[in-house]
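Participant: So Swiss-Prot says this about it:
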type	residues	note
BINDING	D447, D514, D515	Mg(2+) binding site
COMPBIAS	220-242	compositional bias 'Basic and acidic residues'
COMPBIAS	305-318	compositional bias 'Low complexity'
COMPBIAS	326-350	compositional bias 'Polar residues'
DOMAIN	375-564	domain 'Reverse transcriptase'
REGION	1-200	region 'Terminal protein domain (TP)'
REGION	28-60	region 'Disordered'
REGION	201-365	region 'Spacer'
REGION	210-274	region 'Disordered'
REGION	286-365	region 'Disordered'
REGION	366-654	region 'Polymerase/reverse transcriptase domain (RT)'
REGION	655-787	region 'RnaseH domain (RH)'
Amino acid sequence: MPQPLKQSLDQSKWLREAEKHLRELENLVDSNLEEEKLKPQLSMGEDVQSPGKGEPLHPNVRAPLSHVVRAATIDLPRLGNKLPAKHHLGKLSGLYQMKGCTFNPEWKVPDISDTHFDLQVLNECPSRNWKYLTPAKFWPKSISYFPVQAGVKAKYPDNVMQHESIVGKYLTRLYEAGILYKRISKHLVTFKGQPYKWEHQYLVKQHQIPDGATTRKINGRAENRRRGDPAKSISRPHDPKRGCNMVRQISNNRSSIRPCANNGGDKHSPTTRRLACWGGKASRINQSYSSRDSSAPVDARGRSESAGSLSSLSGRKAAGNHHHSTLINPSVETTARGRSTPGEQISARDTSALPESRASRACNKDSSIKEENVWYLRGNTSWPNRITGKLFLVDKNSRNTTEARLVVDFSQFSKGKNAMRFPRYWSPNLSTLRRILPVGMPRISLDLSQAFYHLPLNPASSSRLAVSDGQRVYYFRKAPMGVGLSPFLLHLFTTALGSEIARRFNVWTFTYMDDFLLCHPNARHLNSISHAVCTFLQELGIRINFDKTTPSPVTEIRFLGYQIDQKFMKIEEDRWKELRTVIKKIKVGAWYDWKCIQRFVGHLNFVLPFTKGNLEMLKPMYAAITNKVNFSFSSAYRTLLYKLTMGVCKLAIKPKSSVPLPRVATDATPTHGAISHITGGSAVFAFSKVRDIHIQELLMVCLAKLMIKPRCILTDSTFVCHKRYQTLPWHFAMLAKQLLSPMQLYFVPSKYNPADGPSRHKPPDWTALTYTPLSKAIYIPHRLCGT
């Protein structure tokens with residue numbers, strides 16, 4: 001082929017070949033442009049292509065990719081209807097056809113330690129992020145509440161009781177680790193561990209009163225908010241006829257005190273009995289008992305306390321009546337910080353109505369429940385006796401089926417009428433990661449243990465995140481994993497730590513969620529730095545998962561699912577093999593359900609940057625997913641997908657960005673197109689028909705790429721420069737994307753475009769040239785720009 005750089009190129013064989021390529025490109029456009037401009041060329045009928053005779057298991061991939069792409073534009077895949085179709089594609093299945101979870105009655109609750117980071121971190125790691133984290137706040141616009149009995153999802157219908165029992169143990173473990181509040185009453189919760197400074201103002205302090213009764217001093221005030229009189233205890237002498245000692249307590253609540261032994265929605269039926277009360281009148285009291293509540297610290301409305309030897313009664317005059325109605329609270333209150341409060345004791349005459357275990361404990365005057373390191377908190381909110389999220393258990397992972405993982409479903413805050421718009425945060429894509437990673441440095445990765453449980457919540461926000469095991473209600477004191485706000489908070493948390501680590505230890509640091517990546521040119525220095533970093537974080541109360549931490553500097557590391565060595569990034573070979581196996585099992589002409597296709601596209605998207613393909617090649621499957629219809633693979637389309645997985649490539653870290661000087665320019669009018677070279681050569685072509693100007697411009701740029709193969713091209717079409725061709729026919733868009741992806745396109749105003757003259761039958765003008773790239777610069781955080 002003669003070089004297209006001379007004045008006489010319009011008379012050469014090159015021009016005739018260019019005309020041939022132009023007609024082929026125009027045929028690709030015209031085959032579907034008139035009918036559907038916005039949809040790919042896919043038949044929606046019943047003419048399902050049958051598999052060819054002797055269809056090979058391994059598709060023929062010896063042909064170049066460009067030939068395979070053109071074959072796929074002729075033998076098109078098909079969209080179908082919404083009738084039932086195949087739900088399995090190799091080892092993949094539709095999202096609603098996933099293998100159900102298997103219940104394991106021997107599940108163990110994993111060890112969960114108290115993750116309480118020291119607020120000294122605000123001084124050690126100065127950052128504006130801490131104002132969003134100490135404490136974090138969660139304010140949904142609207143909330144849907146569910147009954148306590150629905151706290152555990154019916155994931156395992158044959159093992160409901162066992163499932164709830166293990167969930168209860170899991171929540172108890174979280175409570176003991178200081179991650180959950182436990183509901184005592186509408187205004188009172190309890191928690192374990194060390195309180196944060198913003199919780200101190202809501203802590204409830206208990207003081208012993210000489211006569212044996214107990215009152216509570218809240219924020220330094222021991223007075224009744226409603227009546228204004230000081231809290232006091234009035235005891236009546238023992239009456240042998242009644243067999244009970246009545247103790248009157250002042251209530252700080254606006255409403256009468258109700259029994260809270262059933263706090264959290266006990267599933268047992270309430271026991272009704274009559275007791276003799278003040279004034280010789282009988283009042284009917286409904287009390288609920290359960291084996292769980294008998295040993296748990298309970299407070300009625302957070303104000304009435306157990307008092308002395310027998311049941312404490314709160315007596316109030318009822319409006320319009322001449323007798324006193326009394327409500328009985330059988331709750332047992334334990335004290336904070338090891339301080340004991342006399343427990344409730346019930347006379348032998350009344351214990352017959354209680355369960356045997358409860359009666360035996362209640363009759364024991366010497367037994368008092370003591371819990372260490374327990375704090376009572378009356379938050380600046382009410383604590384609802386209902387839940388906002390549901391729970392269930394699954395295996396911890398595919399390799400560890402002996403331990404359980406708690407799944408928290410707060411999906412009401414991310415979809416439906418209560419959906420919230422959570423803040424966006426910077427997350428590196430593959431292109432960014434390639435540009436920020438340093439080349440040729442040893443690396444160490446650190447992993448936070450229980451990362452989300454480092455993030456404390458405001459007590460008022462905790463009341464919006466209520467869960468239950470079916471009996472008791474708990475609230476998340478730390479950020480749960482099932483809320484869309486938690487990843488944003490974790491990003492702020494690790495970013496603040498990473499910035500300080502990079503500054504203090506003079507090491508390149510990158511953080512993503514709970515992963516830290518440290519790089520330094522000297523391996524021995526990096527090894528010592530990693531130990532110092534771990535010590536620094538642990539002194540601040542931040543826990544490191546040493547099982548997932550690199551013990552010493554390495555040259556090849558797995559980070560964010562990629563294999564990263566000193567110069568390149570790649571994907572593990574096992575992942576390629578699995579994907580090729582799935583493609584081999586595609587049956588040409590068979591209908592596949594769109595949910596199954598959705599999973600398949602997810603796997604292809606991850607590996608696509610490491611191939612010579614582009615996203616336009618997957619658009620037919622995206623069309624099936626968008627329209628929720630079945631999909632059928634053609635033989636050529638299956639070959640194309642297999643060809644992509646065979647052309648595996650590694651991506652260079654820190655790719656050299658070159659800005660080549662433009663030597664070729666293109667321009668188009670509705671009827672003519674032109675290509676101009678900086679040496680003065682030019683060629684003018686006549687289109688077969690009039691089309692939209694942006695299509696004519698793209699045709700000329702593709703033709704210039706095919707015939708001249710320049711490193712960059714000048715064009716005055718912003719549509720072409722941005723390389724977003726979704727509105728074009730699928731096969732033409734795929735070919736254009738394939739041709740133009742690896743090269744630079746510069747925008748030049750029409751008045752300065754050298755090819756503007758030849759398209760209007762005038763000589764080209766390269767004297768005054770002004771151009772600019774329109775590609776958006778990749779955002780990189782400032783602290784990572786210097787590497």
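Using N, Cα and C of the backbone, Cβ positions are placed for all residues, glycine too.
Give me the local environment of each listed feature.
Facilitator: Annotation note: D447 (Mg(2+) binding site) sits in a strand segment as assigned by DSSP. The local packing around D447 (Mg(2+) binding site), expressed as other Cβ atoms within 10 Å of its Cβ over all shown chains, amounts to 16.
Looking at the region 'Terminal protein domain (TP)' (1-200) alone, the prediction's average pLDDT is 77.
In the region 'RnaseH domain (RH)' (655-787), the DSSP tally of helix, strand and coil residues is 42 helix, 26 strand, 65 coil.
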Participant: Enumerate same-chain residues with a sequence separation of six or more from D514 (Mg(2+) binding site) and a Cβ-Cβ distance below 8 A; give 'none' if the list is empty.
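Facilitator: The list for D514 (Mg(2+) binding site) reads D447, L448, A451, L490, T494, given in order along the sequence.
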Participant: Can you list, in sequence order, the residues of the same chain other than D447, D514, D515 whose CB lies within 8 Å of the CB centroid of the Mg(2+) site?
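Facilitator: These residues sit around the Mg(2+) site: S445, L446, L448, A451, Y512, M513, F516, N545, K548.
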Participant: Tell me whether D515 (Mg(2+) binding site) sits in a helix, a strand or coil according to DSSP.
Facilitator: strand
Participant: Looking at Cβ-Cβ distances, which residues of the chain lie under 8 angstroms from D515 (Mg(2+) binding site) while being 6 or more apart from it?
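Facilitator: For D515 (Mg(2+) binding site), the qualifying residues are S445, L446, D447, L448, F559, L560.
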